[in-house]
Every structure is written in C-alpha cells, then in structure tokens.
C-alpha cells in the first residue's frame, strides 16, 4: 500500500505539472479519456479522476473504449473496470480490424494503419458526445522514443506534442502523462492490479524500429540514468542558433532583426561528447528528469 501511495503521488505531481505547463485542462472541459485496456490508459484515467477531486476548476471525464474487432478482445473486462471505478463511460464497436488486414500485407506491422483508423473513430465519437478534449496515455518514454525515431529514420526533429488540434479542427488532443516515466506507470498499474488487455491480439508484427530505439535508450540509461530525462528536457530547451533549419532561422531573423547564427556562442570547444560537470538529472519545471 505504501508503494501505491508513493507512486501515485509521484505520478500525480508529474501529471499536474504537465497540465499547468501546457494548459491541458480548462474550466468546463468535457474530456474523453481513451481507455484501451493497457497500463498507460488505465493509469491516466485514475490520475485524472484523482486530480478532478482536488482541482480548483470543474471539468468532466468520460472514458471511451473502442472494440476494433480483434479476435478475442475482452471488452467486458474493460467495461467491468470502468463500471467499478464509477466513471461515466461508453463502449464503442467498429470493425477496423478487417480493414487493417485487407490493407496491410502479411508480415508487416499493422500498428500505423490501425492507429489512424482508431483515432478517426475516437475523433468522430468525441464530436458526437460533445467532448472538448481527448486525453491519450502517451508518457515520457513515448515522447523521447518518438524524438529519436523521427531524427534517425525520418530526418526531422519532432516528437509528440503535449497538445494538438486535429487536422479537421474539430478536436483537441492532450497528453497529460508526457512528464511521467514509463517505469513508474508500469509499476503503478501492476500495484493497482489493473485488468490489462494484451496489445498483440491482432497478431501484428512489432514495430522493430521502436523496439530497437527502446533497447538503445535502456542501454544508455544503464550507463547514465538521466538520459531519458535529458532528452525530454531537450524537447523544451531548443537552441535555434545551433540548428540548421533555414526556415526557422529566417523567422527568427525577421522577428528580431538579427542573424541568430551570428549571435550563437561558440560551444564547440566544450562539446567533447562527455558529460560536463553539471551533467546529471535535469528537471523540466518541477518534474524530475532522471527516471
């Protein structure tokens, strides 16, 4: 029980800080919490329910689970949990599984197509239900893994934003767990004995690139525990004058009337690839950056 309280406090602090930093929840919001049956979404729902009890503003939560027609999906397990915690909920059924199997060649990962179809269903449901925001359970590790995936395999410096508006302009998506470490989320979900639904019911091949990046981060973290926290910190501390983005450079030059590259400090002599004296666990606001 003591472990549960310790983990809950830690996760509540990280979630509350993200909500404050990025204005993720507003007075009168009706927030759809997408609950897949995994550790992340169960934890997100629990934390938002706890924060709602003590928040200085009023907002509503409604949990939504989508049965995509995957063989053996235990929708009743998820529904029983939602009923037991006393949150308003809605169970959706859309056979996107057969669409995915038709579109994706055998042996290829179905996750990207499946995710897009699922997101579309949730977007439409949110509008129908009058929800002002959709909360997803992506955590810190998802953000830093996506940062490396984008840089290494797509040649772009980008990750998952804490808040975004959908392309059609109808929905706002928020990620309140963006400061929370996956290991804390996993430990909390296990301690709470959430009824976890396996994520491989579809039989899809795993995303090998993401698995490789996750392995790389684990190896680096074993040598330097602050690696993941530092990567998250980097997402919030961009130094445009030390990047090669000409469009960004032009925007800054137009806004300031100065050439950002000529204003850049010469740090090359210090950059030997080794930790500096100040290296270690950094924080993003008040959230710890190490674990």
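Quick reminder: no glycine exception, Cβ is built from N, Cα and C everywhere.
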Swiss-Prot lists motif 'PP-loop motif' for one of the ranges 30-35, 36-41, 42-47; which is that range?
36-41
Which residue, out of the binding-site residues 111, 114, shows the minimum number of other Cβ atoms inside 10 Å of its Cβ in this structure?
111
Note the mean pLDDT of the motif 'PP-loop motif' (36-41), expressed as a whole number.
96
